[in-house]
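The following features are taken from Swiss-Prot:
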type     : residues                                                       : note
REGION   : 1-57                                                           : region 'Disordered'
COMPBIAS : 71-85                                                          : compositional bias 'Basic and acidic residues'
REGION   : 71-110                                                         : region 'Disordered'
MOTIF    : 105-133                                                        : motif 'Q motif'
BINDING  : Ala149, Lys150, Thr151, Gly152, Ser153, Gly154, Lys155, Thr156 : ATP binding site
MOTIF    : 259-262                                                        : motif 'DEAD box'
Amino acid sequence: MSKGVKSKTRSESKPKAHKKQSDTNGTKRKRENEEEISSDEEEADNEKLVSELDQNFDDVAELLDGDVADFKEEKKQKKNKEPKTVSENALQPYAQADESTSGSDKFEDLGLSEPTMRAIKDMGFEKMTKVQEKTIPPLLAGRDVLGAAKTGSGKTLAFLIPAIEMLYSLKFKPRNGTGVIVVSPTRELALQIFGVARDLMAHHSQTLGIVIGGANRRQEADKLMKGVNLLIATPGRLLDHLQNTKGFIFKNLKALVIDEADRILEIGFEDEMKQIIKVLPSDERQSMLFSATQTTKVEDLARISLRAGPLYINVVPETEVSTADGLEQGYVTCDSDMRFLLLFSFLRRNIKKKIIVFLSSCNCVKYFGELLNYIDLPVLDLHGKQKQQKRTNTFFEFCNAKQGILICTDVAARGLDIPAVDWIIQFDPPDDPRDYIHRVGRTARGTGGKGKSLMFLTPSELGFLRYLKAANVPLNEYEFPTNKIANIQSQLTKLIKGNYWLHQSAKDGYRAYLQAYASHHLKTVYQIDKLDLVKVAKSFGFDVPPKVNISIGASGKSIEKKHKKQRRQ
């Protein structure tokens, strides 16, 4: 995947092999973002993926509308409101970003190298976004930065431009090994960052590479040993190479970027990140950490990764609405048994739109994807259990489509810039307001962007609206006339009964839905004991709730009792 990487004789000695550390928590949690390759078939798929990626990335820059400045904007706001202060427990001291900037919002006034400026012009960028204007100058000056910005704000360019300039000024060559590492929570976001970096480095001689779970590890190791100057990585695969790939030179590391730090920690990579930071050299390393939210865990990660006195940059005033201005948001209240019928009716009426539907689990995505395609409502599906080849192809197919429906888990909720999305449908409710904000952030991206979102809630889940209100998220209530909802319940039930594979898939989806529901953090809102399992089962095409084995701790017994009681009714 790295373009222009050439094998050279290295004068440096090989770094000492680090002792392999076992992940004691690895067997306890499932990670959708980094499954390992085990079969020959998948190995072949990934070799094919490697050869195809460069072709796919030719269009990536066009997909990243969040990084494109508004060329029609005639007047730039000169001041933002006072940035939010981090808690007393955070790194001390934090230096607040100066409200005044260089006085110009143009890239050409940053004093960048000729190859970088040529690439920026080739990509069609002229003016900086707020986060770029406030972040790039201090990073070019060598400061460590902790940044907070809304999704779609253009932070990818904000950290890549200084990183590439550093490699250029130090005249990095393949034999010097890796000088910059960018850590990303998901494969798709890593691929997207790789695409932007590839375009930015088009006129540079430095080398670029990517290591992600699900890709061919041997090919990755070969490229690392030849010398990758700027490396994009997901946490698990990066730690694997740091510990086990002999000939991977990282002793000359000059910059570490941690993107979407809160998401990295949320999906269970806290231990890996601590090990990565411990392994990497820190003496002359500049670090950049970006996070949409400043949690205690993010502050802990900042403490061990950033040097003393980092610059804190927040371009989101505390009183500002948390979602994009051009986003029209609403919710609909319906009982569990009507949820799928309403979704089907909505999708059928908006078949010419570009829509993303979020569900709570891989098996739910798999089932509803199979069901909708079976009943002639074409959809794409994206989830963490798919092979990397499938995930990548689906991602680019939906990005390039003018209309279509993508059913997915939260693997697509953070950071991905998918152009011209008309609707975001949250069929299964988000875990908290942060997840809601990142889901709806897939539409109305960039300055002047427009989009709509719709969230499905049952009557017992309406308490979630209080949390959204507290997070400055404005919602309208939508109503759908019952006579406009397609009544296909009897046909659905007959189909599930008569089709063995759909029946099994429906059963797996039903089980996964209950497990996901029981794992919600907001227990006062999402109370599994209040679910009407007969109605929930109907939404999956069952007359009565199927008997399923679910491991959800203390709630398991009460659910099984409820199953038995409601099957008798």
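Here the Cβ of each residue, glycine as well, is placed from N, Cα and C on the backbone.
Looking only at the motif 'DEAD box' (259-262), the predicted model's pLDDT averages out at 86. Within 10 Å of the Cβ of Gly154 (ATP binding site) there are 25 other Cβ atoms, across all protein chains. In this view, the densest Cβ surroundings among the binding-site residues Ser153, Thr156 belong to Thr156, judged by other Cβ atoms lying within 10 Å.
Following the DSSP three-state reduction, the secondary structure of Gly154 (ATP binding site) is coil. Of all Cβ atoms in the shown protein chains, 28 besides its own fall within 10 Å of the Cβ of Lys155 (ATP binding site).
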